[in-house]
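K.L.:
Here you go, one structure.
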Amino acid sequence: QGIFVLGLPYALLHSGYSGLFLIILAAALCCYTGKILIACLYEEDEDGHLIRVRHTYEDIANACCKNLSPKLGGIVVNVTQVMELIMTCILYLVVSGNLLSHSFPYVPMTEKTWSVIAFVTLLPCVFIKTLKIVSKLSQLCSLVHFIIILVVMTYCLTQIHQWSWAKFRLSIEFEDFLVSVGVIIFSYTSQIFLPTLEGNMKNPGEFRCMLNWTHFFACVLKTTFALTAFLTWGEETKEVITDNLPSFLQTLVNLCLLTKALLSYPLPFFAATEIVYACISRGNHCNYRSPLFALGVRGSFLLLTLLMAVFIPHFALLMGLTGSVTGAAMTFLLPSLFHLKLKWKKLSILEKCADISIFILGFLCSLAGLVCSIKGLLEVFG
């Protein structure tokens, strides 16, 4: 459950009844691509038992591209992953600065200065070495997220007398609909983290069950939240639904969102630095394997996210451009393509059709998002 969830009521505003169907469809598709991605980590031995022969997204990509180049697939996947993770980390810094400036408007500081203050609180991230620490922070992040959802939904339920299904649109604008598709689909994305997550589970055999239940509950929560919020505000629904709340609730929710953004940062930060460190230290040089070098990599990455958050203009549009390409690629395009390549002989006709359909859908989503983002950038730069 990411910050994207807060944009779901706005997505319903522009997609109408089809938005409710999209929330359910996106959950099913993302759950399926998560399963086929993990299936690509395994191969059957002579006795028909599944053995985990690959460990990362990179290993899967290298296995698929070994006839072209042994390392080509891994390079493409690593670059794509790191780009998306960097953008995610920067987004959290930008959002933190924005939330702090809105929470304390009487303090004479710019959003960029507030971002630097938020950055200082994230400095301990350089000492994170294991996924266990990240999981503890993610648990706290989930708790804060549920508090935000609870506050918004409680307020919406007090306004139930104003609800009307007539607020739903029957006709929709194509470009607005594409924005809604992007928000809904990318609120479910988690494929980057799945190989690491499955590899760290005490019982990896429960992975598919875990994925089913998490996507089911995510779908129920997203649908309920988006529906109640949209029925409350209708045409007045704003891009981030917390902006619709009365002022006495806005400050409380903004501080909760700030806490959530700061607690969300360590997961993409850890994932990105692990990828970069693994790529650099792959050689036999002992200096690249020292704890001091690992600390340097994490510190450099932390500083890079701050500099990009502070100095790049129109970052939101650039992030949309990158997200449209990398998000769709990592969620739909690559998992379906790798599954077809590695498991073609063992797949049924139905499974092949499903993978091909998801690949086409991912390509169309990526292309549409790319066009919309470039159009937005061209408008900004005149």
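Using N, Cα and C of the backbone, Cβ positions are placed for all residues, glycine too.
Pulled these features from TrEMBL for this protein:
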type	residues	note
DOMAIN	1-374	domain 'Amino acid transporter transmembrane'
TRANSMEM	20-42	transmembrane segment
TRANSMEM	75-94	transmembrane segment
TRANSMEM	114-131	transmembrane segment
TRANSMEM	143-165	transmembrane segment
TRANSMEM	177-197	transmembrane segment
TRANSMEM	209-232	transmembrane segment
TRANSMEM	252-280	transmembrane segment
TRANSMEM	292-312	transmembrane segment
TRANSMEM	318-338	transmembrane segment
TRANSMEM	358-378	transmembrane segment
K.L.:
Sort out for me which stretch, of 209-232, 292-312, 358-378, has the most Cβ pairs below 8 angstroms to the transmembrane segment (114-131).
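P.N.:
By the under-8 Å Cβ criterion, the transmembrane segment (114-131) pairs most with 292-312.
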K.L.:
Considering only Cβ pairs under 8 Å, which range in 75-94, 252-280, 292-312, 358-378 makes the most contacts with the transmembrane segment (177-197)?
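P.N.:
Highest pair count goes to 358-378.
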K.L.:
What parts of the chain pack near the transmembrane segment (75-94), using Cβ distances under 8 Å and only residues at least 6 beyond its ends?
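P.N.:
Distant contacts of the transmembrane segment (75-94): 57-58, 60-61, 65, 111, 115, 118-119, 122, 192, 261-262, 264-265, 268-269, 271-272, 275-276, 279, 301, 304-306, 308-309, 315-316, 319, 322-323, 326-327, 329-330, 334.
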